[in-house]
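Participant: So that we are looking at the same thing, I have put the structure below in structure tokens.
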Amino acid sequence: MEEGARHRNNTEKKHPGGGESDASPEAGSGGGGVALKKEIGLVSACGIIVGNIIGSGIFVSPKGVLENAGSVGLALIVWIVTGFITVVGALCYAELGVTIPKSGGDYSYVKDIFGGLAGFLRLWIAVLVIYPTNQAVIALTFSNYVLQPLFPTCFPPESGLRLLAAICLLLLTWVNCSSVRWATRVQDIFTAGKLLALALIIIMGIVQICKGEYFWLEPKNAFENFQEPDIGLVALAFLQGSFAYGGWNFLNYVTEELVDPYKNLPRAIFISIPLVTFVYVFANVAYVTAMSPQELLASNAVAVTFGEKLLGVMAWIMPISVALSTFGGVNGSLFTSSRLFFAGAREGHLPSVLAMIHVKRCTPIPALLFTCISTLLMLVTSDMYTLINYVGFINYLFYGVTVAGQIVLRWKKPDIPRPIKINLLFPIIYLLFWAFLLVFSLWSEPVVCGIGLAIMLTGVPVYFLGVYWQHKPKCFSDFIELLTLVSQKMCVVVYPEVERGSGTEEANEDMEEQQQPMYQPTPTKDKDVAGQPQP
């Protein structure tokens, strides 16, 4: 391994003159060095999970499960079962998160267990499609609910929607670049806001039940089918329910910034996912106290229709709640996706500048700018919804691959420290459930799934050219070094130190012995920037 890559984890960065780096003491997590801060406590950790799971779906279109389940009772069962399966998957990720205590989530786990190519493909599909498209869609939903009251008789102009979505992305990127604490406070506030809005829906549902409005909750009516029962549609209902819980694994992307991750990672999971399951189930119960299944399926914004029926002049609360929920969702996604790209760059799978952090704010500014720019590019395309359909299958495929990796790790390395060790029955249950859903997805939409696989496999030549090929032309290396140096000076960023004795340090050293990074700076660049006077 060349010295340049080793320098990434060098914790003794000095000035050219031989003195220590002048990064402020508060910047690092220890010893005055520049490092990611451990600022995410239990409350903020719960906010990240809840805020990323609960987006606009439960307010706007929870009807996907009901439409395919065929009855209210079966739909509620689907919500409960998918919540339970999500808890099982989260328990598997909790064990992996404390066994491999690195940011990057399933990307880091897949890479460490199955090798660089498998990890790169997970990162490739996330960088290329998943995060940019999802963030663009959430931002567009936010702008739609903000602008719709200004255009009561028509749809808001498309250009206005995209402009406001871009402003939302730029504002939240600035917040995340400025301070981890600001970003987590924004997440906490907007998560609390969406939970209060859902609590209002649930309370109104309880009031409706007390008034005797529970026709569709009586067993004889709850299981009355409004369409012919079909096992394929029931499977699709489970798939829709699983999509609604998407984001449950996002806390694993920021493991290194958690305060006491060995305790707070599992605690946040145990608190957040049962809470989300409770909210999802009882919000749907509340909806059917005010609307029949047919009315619910006909509504384009279920919570808004619910509010119009029960809130009267206060019905405006619901669209505002959707807007607040999506705003918080964009913030949470920017926060976690930037850490994924940061982790990928640190492993040598993305340009190395993305693995740098600001010398005083200790935020991964290059990674945040990267995810923001890629999302803005998606905003100007017209095919992002199609792309989401294509790669949704791949995203959930990697959930199964990651959990399978837990079993492989138990077999290959049975003696490594595991602060949390769950029964192997849990990953087996999870894998059986996901095998059923993935096989059904392949059977029902083979073309869509095939295109998704093809998009993922475009990463194979990129991996061999960018990562595996070690002896690149000197002109290419010189250009990348120049680009890295310019980016460092523009963003005032350096490589972070790695805390001694952490699992991250050992994992990075193992990585360096096994593979060459995609882009590799020389050691002097970091020192040059560290020696610059800071603004």
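Glycine is treated like the rest: Cβ placed from N, Cα and C.
Sharing the feature lines straight out of Swiss-Prot:
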REGION    1-30  region 'Disordered'
MOD_RES   S29  phosphoserine
TRANSMEM  45-65  transmembrane segment
BINDING   I53, G246  L-leucine binding site
TRANSMEM  74-95  transmembrane segment
TRANSMEM  117-149  transmembrane segment
BINDING   N134, N395  L-tryptophan binding site
TRANSMEM  158-178  transmembrane segment
TRANSMEM  182-210  transmembrane segment
TRANSMEM  231-252  transmembrane segment
TRANSMEM  266-287  transmembrane segment
TRANSMEM  313-338  transmembrane segment
TRANSMEM  365-382  transmembrane segment
TRANSMEM  387-408  transmembrane segment
TRANSMEM  424-446  transmembrane segment
TRANSMEM  447-466  transmembrane segment
REGION    502-535  region 'Disordered'
COMPBIAS  514-523  compositional bias 'Polar residues'
Participant: What three-state class does DSSP give I53 (L-leucine binding site)?
Facilitator: helix
Participant: Counting all other Cβ atoms within 10 Å across every protein chain shown, which of the binding-site residues N134, N395 scores highest?
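Facilitator: When each Cβ's neighbours within 10 Å are tallied, N134 tops the list.
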Participant: With pairs closer than 6 in sequence left out, are the transmembrane segment (74-95) and the transmembrane segment (424-446) joined by 3 or more CB pairs under 8 Å?
Facilitator: yes
Participant: How about long-range neighbours of the transmembrane segment (182-210): same chain, 6 or more residues beyond its ends, C-beta under 8 Å?
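Facilitator: Sequence-remote neighbours of the transmembrane segment (182-210) are 39-40, 43-44, 46-48, 50-51, 54, 58-59, 172, 175-176, 217, 279, 282-283, 285-287, 289-290, 303, 306, 310-311, 317-318, 321, 324-325, 327-328, 331-332, 335.
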Participant: Highest CB neighbour count within 10 A among the binding-site residues I53, G246?
Facilitator: I53
Participant: Under a three-state reading of DSSP, tell me whether N395 (L-tryptophan binding site) is helix, strand or coil.
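Facilitator: DSSP call for N395 (L-tryptophan binding site): helix.
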Participant: Work out how many Å separate I53 (L-leucine binding site) and N395 (L-tryptophan binding site) at their Cα atoms, rounded off.
Facilitator: 15
Participant: Return only the integer: C-alpha distance in Å from N395 (L-tryptophan binding site) to G246 (L-leucine binding site).
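Facilitator: It is 10 Å, counting Cα to Cα.
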Participant: Express the distance between the Cα positions of N134 (L-tryptophan binding site) and G246 (L-leucine binding site) as a whole number of Å.
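Facilitator: Cα to Cα, N134 (L-tryptophan binding site) and G246 (L-leucine binding site) are separated by 11 Å.
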Participant: Do any residues of this chain, six or more beyond the ends of the transmembrane segment (266-287), have a C-beta under 8 angstroms from a C-beta of it, and if so which?
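Facilitator: Distal contacts: 42, 45-46, 48-50, 53-54, 58, 62, 65-66, 75-76, 79-80, 83-84, 86-87, 90-91, 93-94, 98, 195, 198, 201-202, 204-206, 208, 217, 244-245, 248, 251, 296, 302, 306, 420.
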Participant: Between the transmembrane segment (45-65) and the transmembrane segment (231-252), are there three or more CB pairs that fall under 8 A, provided the residues in each pair are separated by 6 or more in sequence?
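Facilitator: By the criterion, they touch.
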Participant: List, by number or range, the same-chain residues at least 6 past the transmembrane segment (365-382) whose CB is under 8 A from its CB atoms?
Facilitator: 127, 131-133, 135-136, 139-140, 162, 165-166, 169-170, 173, 176-177, 334, 337-339, 341-342, 345, 353-358, 487, 491, 493
